[in-house]
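Undergrad: Copied straight from TrEMBL:
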type	residues	note
ACT_SITE	Asp84	active site, proton donor
BINDING	His85, His180, His207	Zn(2+) 1 binding site
BINDING	Asp106, Glu136	Zn(2+) 2 binding site
Amino acid sequence: MQLVNGYTLMKYAQQHQLVLPAFNTTDYEMTLAIVQAFNKKQLGGYIQISSHNLKFSNPQIIADMTRSVMEREEVQVPISLHLDHGKSFADVQACIDAGFTSIMVDASQLPYEENIKEVRHACEYAHFFGIPVEAELGGIKGKEDDIVSDVNAKTHPEDVVHFVEATHCDLLAVAVGNVHGLNLAPNLDFDLLHQIAQVSPVPLVLHGGSGIPFDQVRQAKKAQLLKVNYGSDLRQAYIQAFGQAYDANHKEFNLVDVAQAGVDRVVQTAEKIIHEVNEVS
């Protein structure tokens with residue numbers, strides 16, 4: 001199976017009543033580990049990369065690499081390739097042109113009306129090619145790649161309907177006490193999340209999944225949640241494998257063996273997330 005369109009993946013999640021993990025990649029080894037985890041657990045989901053993490057490659061390299069890995073692993077589950085936190089219209093264009101099948105444009109740091117303008121522009125382009133768009137409303141604290149935010153502006157339910165209708169976005173990332181990274185503890189506001197879910201015309205997304213207890217993610221599933229982002233814990237598992245290899249042998253030079261240990265660690269981490277989020281076998 002090759003990459004599926006983001007709308008197809010959304011329909012898959014809704015038909016099977018699933019919350020789909022969205023795992024952030026940076027390179028071949030991370031992508032391989034994520035694909036292997038999805039395949040082993042026989043559950044679909046997202047592979048995603050942020051604009052920041054494209055600096056060592058480009059959208060075409062990532063898209064070609066992902067397709068190659070999926071072919072190598074004989075993938076039997078639906079997977080979409082998603083741009084995470086797209087910071088410019090140029091990023092959106094480049095990723096769609098390269099074959100990404102789902103897009104996020106993040107203009108949440110801008111004033112409300114400017115956020116709408118940027119998202120609507122991206123939606124007009126993406127929808128022409130049949131690609132769904134995720135947008136963000138509110139401000140999420142923490143560190144994401146090279147961006148550090150002290151803003152904790154929760155999503156206002158009264159803005160949701162207008163924002164979605166004005167932008168035509170297909171997924172909405174919300175700020176309800178979730179945080180980016182592992183340095184801050186999340187404190188999900190479930191009352192707010194359910195208020196948003198009651199009025200939102202589109203499914204919801206939680207960023208900062210790495211710090212959220214699994215039981216809270218499962219609880220959030222009842223509030224139109226379709227997608228949860230995970231990046232920090234996978235990266236940490238990968239980095240720790242390299243650190244442990246060095247600690248065990250300061251003269252280690254077999255990069256393939258060390259990289260394989262990193263891949264194995266990420267597979268284990270991703271499998272646990274897939275299992276816990278949906279309580280699948």
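Just so you know, glycine gets a Cβ as well, placed from its N, Cα and C.
TrEMBL labels come from automatic prediction, so no person has curated them.
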Undergrad: May I ask for the distance between Asp106 (Zn(2+) 2 binding site) and His207 (Zn(2+) 1 binding site), taken between their Cα atoms and rounded to an integer number of Å?
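TA: The separation of the Cα atoms works out to 12 Å.
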Undergrad: For His207 (Zn(2+) 1 binding site) and Glu136 (Zn(2+) 2 binding site), determine the Cα separation and express it in whole Å.
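TA: For His207 (Zn(2+) 1 binding site) versus Glu136 (Zn(2+) 2 binding site), the Cα atoms are 10 Å apart.
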Undergrad: For Asp106 (Zn(2+) 2 binding site), what is the tally of other C-beta atoms lying within 10 angstroms of its C-beta?
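TA: Taking all protein chains shown, Asp106 (Zn(2+) 2 binding site) has 27 Cβ neighbours within 10 Å.
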Undergrad: What is the interatomic distance between the Cα atoms of His85 (Zn(2+) 1 binding site) and Glu136 (Zn(2+) 2 binding site), given in whole Å?
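TA: Just about 9 Å between their Cα atoms.
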Undergrad: To see if you understand the setup: which same-chain residues, six or more apart in sequence, place their Cβ under 8 Å from that of Asp84 (active site, proton donor)?
TA: Ala22, Asn24, Gln48, Ile49, Ser50, Ser51, Met104, Asn229
Undergrad: Are there any residues at least 6 positions away along the chain from Glu136 (Zn(2+) 2 binding site) with a Cβ closer than 8 Å to its Cβ? List them or say none.
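TA: In sequence order, Met104, Asp106, Ala107, Ser108, Leu172, Ala173, Val174, Ala175, His207 meet the Cβ cut-off.
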Undergrad: Determine the Cβ neighbour count for His207 (Zn(2+) 1 binding site): the number of other Cβ atoms within 10 Å of its Cβ.
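TA: Result for His207 (Zn(2+) 1 binding site): 27 other Cβ atoms within 10 Å.
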